[in-house]
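Database features (TrEMBL):
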BINDING   A:Cys679, A:Cys685, A:Cys719, A:Cys723  [4Fe-4S] cluster binding site
BINDING   A:Cys723  siroheme binding site
DOMAIN    A:38-316  domain 'FAD/NAD(P)-binding'
DOMAIN    A:356-423  domain 'NADH-rubredoxin oxidoreductase C-terminal'
DOMAIN    A:461-508  domain 'BFD-like [2Fe-2S]-binding'
DOMAIN    A:522-571  domain 'BFD-like [2Fe-2S]-binding'
DOMAIN    A:597-661  domain 'Nitrite/Sulfite reductase ferredoxin-like'
DOMAIN    A:670-802  domain 'Nitrite/sulphite reductase 4Fe-4S'
Amino acid sequence: MRSGGFFVFTHLPEGNPVNAPTTVLEKHPPATAPVRERLVVIGNGMAGCRAVEEILARDCGRFDVTIFGAEPRVNYNRIMLSPVLAGEKAFEDIVINGADWYADNAITLVSGDPVVSIDRETRTLTTRSGRVEPYDRLLIATGSDPFIIPVPGRDLDGVVTFRDLDDVDRMLAAADKGGSAVVIGGGLLGLEAAHGLALRGMKVTVVHLMPTLMERQLDEAAGFLLKSELERRGQTIVTGGDTAEITGANGHVTGVKLKDGRTFDADIVVMAVGIRPATGLARAAGLAVERGIVVDDHMVTSDPAIMAVGECVQHRGQCYGLVAPLWDMCRALADNACRDEGACEQPTGYAGSVTSTKLKVSGIDLFSAGDFSGGDGAEDIVMRDASRGIYKRVVVRDNKLVGAVLYGDTADGSWYFDLLKKGEDISPIREALIFGQAFANGGPSLDPNAAVAALSDDAEICGCNGVSKGQVVASIKGGACSLDAVRSTCKASASCGSCTGLVESLLAITLGDEVQSGPKTLCKCTSFGHDDVRRLILEKELKAIPQVMQELHWKTPDGCASCRPALNYYLLCAWPGQVEDDQKSRFVNERMHANIQKDGTYSVVPRMWGGLTNPRELRAIADVVEKYNAPMVKVTGGQRLDIFGIKKEDLPAVWADLNAAGMVSGHAYGKSLRTVKTCVGSEWCRFGTQDSTGLGVKLERMTWGSWMPHKFKIAVSGCPRNCAEATIKDFGVVCIDSGYELHVGGNGGIKVRATDLLCKVATEAEAMDVCAAFIQLYREQAHYLERTAPWIERVGLDHVKAGLFDDHDSVTRLAARFRHSQLFCQDDPWAARAAGAHADLHQHLAEVRPLQMENA
Amino acid sequence: MMVGDWLDIGPVDQIAPGTARTLPVVGGEEIAVFRTQHGGFHALVNKCPHKQGPLSQGIVHGGVVTCPLHNWNISLKTGEAQGEDKGCVPVIPLKVDAGRIYLLRAAVLGQRAA
């Protein structure tokens, strides 16, 4: 069929097709209407044909219909191309209207000969072959075109889009040869293409610009689950990947190169980054076109003789790329097109559509509808079931369901979608809404506890520890009056925590108001405390924030300003070098690598190892102060120089200047090693017992850049006179004639606390090892935002000593873990920023100048 | 150039999800443009109602930003302080169309100091 030529199927009405003549005669007596109106349709796709079907259903004798299709074949269901690619369907299965439909309805189909122009004056259109067709009414249903990103190599052989059957054939031909495929675009279409190619045996990489797959349909949590599942199936998923070019050899594609330098081999590249309404013909004909062809509620364009429908139109400012709106559009179009002249009743027309999405990838259940951007007045109801891989989130605003995201169990998708479209008041079923239709409508009562109460005594509550409802209730009746007490007595909810909600319900049912609140949780987003979260991150090998939130049943979709930074730290500490530092979960100072001040400017503290400096560094600092007009320079308590009043957009340039003089970030802004303060020690001081300055420099070289639960300060004093004030630091060294006293847990803050003596050691090397080991113990055990002083008060000095010294090689092992972690931390963050990393954090979007605005 | 009600401030992908960027207005108040994790876009005057902290530098979660200076939570939709805190920061009407962000011109101008 595909020879590059074109085909004309002509079926004129003289063949007396089934249902035409008599009706025609009745409705249009020969004396008044001898000729039927000529309706010409440009586009043989789903929209054009559906519109014709709707018209025929209302008045099959009104129009002579001619349809022009660019593709040389009959009308098929474009959204089923994915199953064809995946091998689940054949082309014959997805044909909507075969040749007999055109024949039976006396429709002329001109396929493979695209329309090239419309002349509205003469009411004719012209095709590529020169055929001229007159019309009385014209319907434009040209759909949309795939968007091609303008990168070098986009024209290479082997770069395809995913729009029509020809594209599918090209992909199948490539898959037959095996090899690698890169799909650019991790939206609905891209993932379906990737799935099909993977099933056909290709090694598939998906490159997606955004951090979350299908970000227009999914939130971060569901996007993460989807990514994990696709990776489990062997696809490589690259999020945040910005394509720089498509590489080739001998005119054929060989790979894809990203802007960050990564490259991926490819024998075929599928471009699936989005679609654009195909408006070229309409625009050239002078119709009103914005993003799409502008239509009114009756799908009529700015020319009353011309209608348009489908993905090519823009209705009330909205363009649609999904199939569902088509049906309503076509109904409205046909109602109006078949209206009798002079009929007083105006059809209601099309009022826009609320859309929903399902991904057609077998084995992955995913549903999304409506608005789930959350925000004010919107209440999120989240349910997670980690053991079954389920995430459900519904968004309620003003007692109406406004959005839903379902992953893993989409059985209630259509019910939610229905509630959403109808805009019904859901307050009577609000409590049970998240449990789905069966429970919300059919349960014995709307109290979610009722479902739990109805369970039999031997029903399993905790799958991890095999605890039945009867056992949980017995332990509650036996005195376990809090979640924590239940966890420690019968072990229910003590492992993965997915049954926490059930146990809480049982507590409420059994005790009523006497339930005691459990231990302090990490924040309001979770029922787990800090220690549980840290333990579970290790046990379950959790390596990303959305994964922690899913596995530990977070109650909010994306956490809060308390848990996000905590989780980011816990992950970095648990898996050095294996997890990505999530910048958006960092407090401003750590994100900007400087200290925010009350006026929104920043202060900058370059590192001075052990408090030592030299003329070159001092000159560079002086130059920066003058060059950027810094209003103040101050010596800090930690023996550093602090440059104040730097604007965020100047920070990278300031850092470049300081880097040039050999200085790196001083981390005065971080929950990290801040400073090592020293006195001059035995090198100069007549009382000095050891080289305190030298040891201070060594300690700072070892510990700089490390992330901690909170800020961490070290000092080294050369003698017990303690000029460096080592006994109010997190880790303090006081040199004595026989060696080094090591002190911990000091604090000079709101609540002054002198250090506890940890131990005495004889050599510098031992002092360094104990320092590294103590820091690692603190890093691994303290709660986020807990300084060493309150940590030691909470767990006791004996606990710390036991952790370090009970086992003879504990210090060695802890120190080794610290040094391993440091391998990934001791990169100067300033140098990266000065070289252009994260420029968006520093630059303004634009600047608005009033003059421009007023003249604009 | 055509006079429109809306000021085009560029494509949506300039702002990563869960972050904000700034738009200084000469002679007026700087504006912070936010993108939530779930793809919602909002614009506020870049000043916390508490002590004028730059909201653009806060952590964004749900439809809320936490001010970097004293952890006030400000609604991105209404500009109102959440919880026990009281105060409100002006919201700049924003729309996204064809992948670009537009701010209501009058509101941007309205933030200029008198």
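Any Cβ shown, glycine's included, is placed from N, Cα and C.
Just so you know, TrEMBL annotations are computer predictions that nobody has curated.
Every protein chain considered, the tally of other Cβ atoms within 10 Å of the Cβ of A:Cys685 ([4Fe-4S] cluster binding site) stands at 16. The stretch in A:38-316, A:356-423, A:522-571, A:597-661, A:670-802 that contributes the largest number of Cβ pairs under 8 Å to the domain 'BFD-like [2Fe-2S]-binding' (A:461-508) is A:522-571. Other Cβ atoms within 10 Å of the Cβ of A:Cys723 ([4Fe-4S] cluster binding site) number 18 in total over all chains. Secondary structure of the domain 'Nitrite/sulphite reductase 4Fe-4S' (A:670-802), assigned with DSSP and counted as helix (H, G, I), strand (E, B) and coil, comes to 50 helix, 34 strand, 49 coil. Apart from the site residues A:Cys679, A:Cys685, A:Cys719, A:Cys723, the chain places the Cβ of A:Val680, A:Gly681, A:Phe687, A:Gly688, A:Ser692, A:Ser717, A:Gly718, A:Arg721, A:Asn722, A:Ala724 no farther than 8 Å from the centroid of the site's Cβ atoms, the recorded [4Fe-4S] cluster location. Secondary structure of the domain 'BFD-like [2Fe-2S]-binding' (A:522-571), assigned with DSSP and counted as helix (H, G, I), strand (E, B) and coil, comes to 26 helix, 0 strand, 24 coil.
Taken through DSSP, the domain 'BFD-like [2Fe-2S]-binding' (A:461-508) splits into 26 helix, 5 strand, 17 coil.
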